[in-house]
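Student: Input: one structure, supplied below.
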Amino acid sequence: MITSNKPRIASTVILTIDLTLFYPIYEALKPFVLNDIIHYSVNACLFPLCAAHGLAITTVEGVGNTRIGLHEVQKRLIESYGLQCGFCTPGFVMSMFTLLRNNPTPSKDTVEQAIEGNLCRCTGYRSIVTAFQSFTEGQCSLGEDCCKNDKSSKYKNETLVSKPESQKKPVPADSTQTAVFPAELMLSDKRKTGTLTFKGSTYTWIEPTTLKDLLTFKQKNPDAPVVMGNSAVAFLIKSGGLKSTTLLYGKNIDQLNNVQVTEEGIRLGPALTFTDLKDRLKELSEKITDDKKRYFPAILYLVRHYGADQIRNVATLGGSLINSRSNYDLPTLLSAVGASIEIASASRCKGANKKRRVKYNGNLDLAPDEILTSIILPYSTEDEYLEFFKVAGRRTFSLCTGNGALFVKFFKGRNTVESLRLCFGGFGSSMIIADKSAEKATGREFNEVLLSDLLSSISEELNAKASGTKSDPDYHLKLASGFLFKFYISVLTQRNSWKTPEETRSAIDSLTKTPYESTQVYENVPSDQEHTDAVGRPLPSVSSQGIVSGEAVYIDDMPKFENELFLGLVTSSRCHATITDADVSKALQMPGVRGFIDHKDVPGDNHWGPILPDEEVFASKEVTYVGCIIGAIVADTRENAKLATKAVTIKYKDLDAVISIQDAIKKESFYPFQEELVAGDVIEGFRESDHVIEGEFETGRQEHFYMETQSAIAVPRTENNEMEVFVGTQDLASTQSSLSRILNVPSNKIVVRTKRLGGAFGGKATSHFHASGPAVVAAYKLRRPIRCILSREDDMLITGKRHAYYVKYKVGFDKSGKINAVEAVLYSDGGHSVDYSPMVLEHTMLMIESTYKIPNLKLNGRVCKTNTATGTAMRGFGNIQAALMMEELIFRISITLQVPQAQVRHANHLKEGDVLSYGMSLKNCTIGECWEKCALDSRYNERVVAVQQFNKQNRWKKRGITMTSCRFGIGLPKIFMMQGAALVHIYLDGSILITTGGVEMGQGLNTKLIQVASRALGAPMEKIFINETSTQTVPNAMGTGGSTGTDIYGPAVIVLAAYFERVQLSVTGFYKAKKDADFDLKEKTGQPCDYFTYGVACSEVEIDCLTGESQVLQTDIVMDVGKSLNPTIDIGQIEGAFIQGLGMITSEKVVIADDGRMVNCSPLSYKIPNVSGIPRKFNVTLLKNDNAVTHLYSSKGVGEPPLLLAISVFMAIKAAIQEARKEIGLSEYFRLDCPATVEQIRLACGDQLVKSRK
C-alpha cells in the first residue's frame, strides 16, 4: 500500500494522496475525457503500490513546505484556523489540492463533496469549509478591507465579525506551485508492452493487458482475486483473510473499461469506477433520448451517495457486485431495473459460446475461473419509473442502514401496472426482492387501494424474508413502507395524474440543504496594546505550518530506531472467561516473528489504573471483556506482527457475564463506590408540587475516535535499565509512575516524552497503557526498541469509552413550571475496570442541576461492573449525561403543562448568587446574558413562528427549534491537582525556550502559553518556542484535561517571568492554585471547581418522518469565555466540541452484542459526523464579559463546555418528533434515549402507513 512518509493507516481517509493519470493510454475511456491529465484523490492505505505503475503520485510533502513555501491551499487553511491537532490536516490539504488541479474554480457543492470523505474530530469542519470555499465565487461586501484579510486595519478596535463564505472573493491557486506531470509517463505505449509482474515476499502481482490474458491467468490461478479498485481486497490483506498469494490486476484492460451504446441498452465494463460511471452517464445523457435515460437520475443519486470521492475514484462496478453485501447499493438498483451481466472464462472463450449472460437478481455466482466482463443496463421507456432511496447513519460517506430501489412499468397510455419490482438492501443478510408483493400489483390500477394492499403485503413478506437476521424488523418495516409511499407519490407526481398537495409533496422532497454560512464574533484587542503583547489576538496555531505541510511529527512518524521491532496484540474473543491454554507455536514459526510476550514477562507489577490498579497489562488467568490483552507478538514488521497474532490459539472456559447496565442491576454487579447528594427536603418539595411525574432515561457510550490511535515507542538504553518512552499520553507523570511499577525500575530511570497528540479528548489519559504497557515490557525483555501502534479496529475494540447511563427520576413542579424537587437514581456503566468511573459519577451528580435552580434534590449513584471495555474519561466527563437528564425533565414538564420548553427553562434558570446543592454560590453568572443575546442574534422568537408555519404546511417533514444552556465547572476538586510548572531558557541571541508539563493535543495550549509568555516576558512570539513535554525537564506535572491546561500552566509561565530579571537565564516557575480545602461531597466542604464557563445555543433541525433522517439547519452559540486569550482558538474549540457532542446525540451509537463484542468496531460502521452533518448555518459569538475574574488574564477554560450545547440539537429533534406525533393523534410524550439515530427518530414518529410488528 502507498503510505508516503507518514504511514497513518489507523483510520479511513486520514491520508489522502493525489493520483495523476495520463488518459490517452486508456483507449476505452479516451472518447469521454476532456483533458489528457486527470487527478484523483485516493486513500493511500487502500491503494496498491503496484497499481500506481505508470502514474504520478503526489503526497502532502510534494504540495508545499516550510522551506520553499506553502501552497495556497495550505496557506488558506492556516489563515482560516482550519486545524487543531493536525493529524487529519494533510488529508484535507490533498483532497482540496486534487480538486483544484481538476477544477480551479469549483462550486461550493463540489468543495463539500471533495472533503466528505475526510474525517476530523477536532475542528467541527466549519473553519475548513471557510478555508476551501474561499476558492469559490463570492466576495465580502467590504472587499479587500474584509476584516479577516486585514488584521491591523481600522476595524481592530471594533468587534470582529467574519462574513459568510458566500461573500468571499475567490483567488485562484498559484499555478507555479502545481507539480508538473512527468514527461516520461506520457508515453502512450508504456503500458502496452505485455504482462507486468511484481513479486514480493508474500504476494505476486500480475497485470495483464488483455482480457484474454486475464482469463488465462484466472484459469491457472482460480483462487486469485481479480483486483480492480482494491477497496475490498485491501481489507482482506490487512486482516489476513486473503487465501491466495497471487493478485490479478484487471483495472487497466480496455475491454473491461468499455462503455458501449447498443440497441438493447448501455454496456458497462466492470472496471469502470463510480466516478467513471457518473462522467459517462453525464456524457451519454446528451446523446440519448429522454425516454431511454429515465434511470439516469436514480443511478446518479446512487453514485453521489456512494462512499466519498476517495472511494468513488477507485471502487468499481464489478467489485461492488462481486463483493456484494446486503448494505451495498448497486446490487439493489441493478436488480430493480432488470440489468443483465455477462461472464467469461478461458475455457468458454475457446468454445462457440464465448460469454454467459444472465439476468442480475442480486446474486453473482461465479465459477472459480470466471470473470465478470459486462453489465448491461437496459434502456427505459416512457411508461417506466425508477426511484432509489438510501438511508444511512451518516448522510454521506456511509454504508446504508437500509436502501430501496423501486420500479414500475405501466401499460402504454394507461394507469395500470404491467410490472413492479421492489428491492431492498440492508434489511437482512442479503438483498430482499419482494416479488410476491410485486406480483399482486400486475394488472391493477396504480392508486391508493393498491398502495394500501402493498403496504400490508410487504409487511408480511419482509418479516418472513428477514426473519432470523440481525436487522431491526420494526424499523426496517417502517423504512420499507416509507420508501414505497415516497415512490408512490413520486410516480403520481411525474405522471401528472394527481395534483400533489403541498403538505404531501414533502414526502418526496429532500431535507433542506442550504449553502454553508457562518459568522464568528469576538472582541478585538485594545488599540493601545503593545504590539509584542500577543494576549487576546486571533492567531493561528504555532505549529500550523508544519502541520499543513506534513512536517509535523507524530509518534508513528518518528524514524525507525536501529534494531526496532513491532508489537501486535493478542486479544480476547470472550467477554468473561478463564484462560485454559495459549498455543503460540504456529505464530513463532511465522516469518519475521521474534517472540511472544505475556504476563510472565512482566518484571514488576502487572496491574495499572488511575484510582485502583485493577487492570492487568496482560491477562494472567481471566479475561474480563472482548479485547482484553492476553499477550503480544513481536516481529520485524508491523504486518508480520499483525498476521502472527491471528495464528495464536487461545482456549477458554466461559464464566457468567454482565453485558449491560440492566444486567448489572439485576445481578447486583456494582463497584464499591456509592455516591449520595442531598439538598433540601424532597419529600416536602413533592408535597408542595402541583404535578409529580416519574420516568427513565438512558444515554449511550461514545468512542473517542481521536485521529491518531494509541501509540508508543519504548527504547531501552544500554545501562541501568534505563528506558525512554515516546507515548501519546495526556499525563506524563502518571505514565512514568505506572511504567516504573510495571518494570520495577525507579521513575528516575524512565523518561516519558510527548511532542503532540493527534487528538485525545480524555481517551489518552489512561487508555494509552494498552500500547505503552506491552511495549515497555517487550523492550525490557528483548532489549530492543519496540513500536506499538494500534490499528483503528484494535483501538476501538480495546480502549475505554464514554460512560453509558441509566437514570430513574422523579420530578415535582408547580403550575408555572418551576421545579420544586428532583429525586433520581443514576447508574453508570463502568465496564470491566474502575478507571475514572467514581470521579465521572461524582461529576454527573454535581452537575445534575445544569443551569437550573433545584431547591430540593436527592441523588443516589452507582457504578455498574460489566464485562465490556472500561468507561473512562472523555470530553465532558459526566457533565453531558447530567445535562441530558435535566433537559428530559424540562421536556416532560413542558408537555405536562402544554407550554413551550423555553418558558420552562427560563423560569428555572440559575441566577447570580444562587447556591448550588453542594454549597457553592454562583459569581458572575452570565446564563441570562448569554440567553438573551442568543435569542436576539438567532432571531429565536421570529423563527419559532416560521417553524410552526412550516410544520403546518408539511406532512412528512417536520422542524424543531430549541434553545439550551450549559454550565461547566473549570478546575479540579483536590488541592494537589491544581498546580503546574514551567521551565524557561533564555539564550544569548534573545530566543526563548519554554517547557511545561502540559500536553499539546490540538486545543492550542502551546500557542496560548506562548501568547502568555509574550506578555509576561515582553518578547514577540517569534522569539519563543515550545519543543516538547518530558518528565526529564518538568517532573511530576499534572495531566492535561478538563479544560484546565492553560489555567494551570499559564500562571506557571507568568511566575517564572517574574524572576527573569533577577536570576540566571534558566528559570523554573511553579504555580499552585489558591484553594482553601479539598472538595468533599459528603461533607459539602471545599469547592469542586474554581469557576464556571457558561453558554447558550439555539438549534433548528429538520427531520424526515418517513426515514428518520435529520439535518441541522442552523445553530447559533453564545459563549462566555471571559477575556479570550486567543478568540480564534477558542471559537475552534467551541465548534469542535459542539460537533463532537452532535455525534454523541445523533449518529454515534456503540452497539454491544449479547456476547460482549462491540459490533460496530470500525470506521465503516461507527459514524462520527463528517462535513455534511454540521449545521448549514453555524454562528458563534464570544460574549463580551468585562466582569470575568479568573487567575489568568480573566480568561476561561473552553475545551469541554460547548459539548453540552449539542443538546440543543437533541431537544430540537424531540420537538420535531413531537409535532409529527401530534399530527397523527399520538401522545406528545415519548421516550427518546440518546443517541437519536435514524432508527430511533423513525420509530418515535409513529406511522399511519403500517402498524409496527409487536
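Here the Cβ of each residue, glycine as well, is placed from N, Cα and C on the backbone.
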Student: Out of K212, K355, K390, which one does TrEMBL list together with V226, V227, M228, G229, N230, S231, A232, V233, D329, L372 for FAD?
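Tutor: My reading of TrEMBL gives K390 as the candidate in that site.
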Student: Considering only the binding-site residues C45, C85, C120, C122, R875, which residue has the minimal Cα-Cα separation from M228 (FAD binding site)?
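Tutor: Answer for the nearest of the binding-site residues: C45.
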Student: CB neighbours of A232 (FAD binding site) within 10 A?
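Tutor: That number is 19.
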Student: Of the binding-site residues listed here (C45, N230, Q730, F761), which is spatially closest to C85 ([2Fe-2S] cluster 2 binding site) when Cα positions are compared?
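Tutor: Closest by Cα distance to C85 ([2Fe-2S] cluster 2 binding site) among the binding-site residues C45, N230, Q730, F761: F761.
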Student: Which of F761, F877 (the binding-site residues) has the most other Cβ atoms within 10 Å?
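Tutor: Output for this query is F761.
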Student: Out of A232, Q730, F761, point to the one nearest C88 ([2Fe-2S] cluster 2 binding site) in space (Cα versus Cα); all of them are binding-site residues in the record.
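Tutor: Nearest by Cα distance to C88 ([2Fe-2S] cluster 2 binding site): F761.
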Student: Neighbour count first, Cβ atoms within 10 Å, every protein chain included; then name which of D329, E1200 tops the list of recorded positions.
Tutor: E1200
Student: How many Å separate the two farthest-apart Cα atoms among the FAD-binding residues V226, V227, M228, G229, N230, S231, A232, V233, D329, L372, K390?
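Tutor: Maximum Cα-Cα distance: 28 Å.
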Student: Tell me the Cα distance separating N230 (FAD binding site) from C45 ([2Fe-2S] cluster 1 binding site), rounded to the nearest angstrom.
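Tutor: Rounded to the nearest whole number, the Cα-Cα distance is 10 Å.
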Student: State the mean pLDDT for the domain 'FAD-binding PCMH-type' (198-382).
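Tutor: In the predicted model, the domain 'FAD-binding PCMH-type' (198-382) has a mean pLDDT of 90.
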Student: Counting every protein chain present, what is the number of Cβ atoms, excluding its own, within 10 Å of the Cβ of C122 ([2Fe-2S] cluster 2 binding site)?
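Tutor: C122 ([2Fe-2S] cluster 2 binding site) is surrounded by 29 other Cβ atoms within 10 Å.
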